[in-house]
Amino acid sequence: MKKLTALLVGALLLPVAVFAAQFEEGKHYEVISEQATTKPEVKEFFSFYCPACFGYEPKVQALAKQLPAGIELKKVHVDFLQHASPEIQATLAKAYLVAKNLGKGDQVASAFFNHIHVDRKTFANDDDIKAVAVAQGIDADTYDKAIKSFTVAGGAKQMKKEQDALSSRRVLTGVPTFIVNGKYKILNQGLSRENQDEEFKQLVNFLLTQS
């Protein structure tokens, strides 16, 4: 099954072979682990308070829609930015998970980003976060139950665990940070400004084919 999955991913991503020569270890990506994940995956460590993450969000949402079937782009919200308390950042992580589980992850993520970076508003408390989520069509009672659920609590705990693990190894030192297959960290500064969107997509696809 593992071999079949690798073959299918390779076939779906065959066009990226043309771009392989242009991507260099140490310039475009670095190896952070000897072992890759058993399944191909892409993770973005991000914060709604991060301006660069806000700038990347359209690229991230477009990439997620273009990934081969069975490969998920997982967003991991961090809590170490100084723009808000860790508690508010933790609630944003939970609220995002609620929205994602209800099929509104991208919509609510965009709303949170816009609240901060376009409308220039703050989240003073948990009710402010809830209000933005509800404005995107999430039922208030459903939100209240979901954000207290074991599933969301477990998901938020896993986000924190992954954040702390990579931070302790100095792999995660800022956001956005993209990790492919648990083995490759994309070096954002290595992407050209002129063709950043396309290079980002091709680099992710290239790394997905690497063992």
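Glycine is no exception: its Cβ is also placed from the backbone N, Cα and C atoms.
The feature signal peptide is assigned by TrEMBL to 1-20.
According to TrEMBL, the domain 'Thioredoxin' annotation covers 10-168.
Annotation note: CYS50 (disulfide bond) sits in a coil segment as assigned by DSSP. Taking a C-beta cut-off of under 8 angstroms and a sequence separation of 6 or more, CYS50 (disulfide bond) has the following same-chain neighbours: LEU81, VAL175, PRO176. What TrEMBL lists as disulfide bond is CYS50-CYS53.
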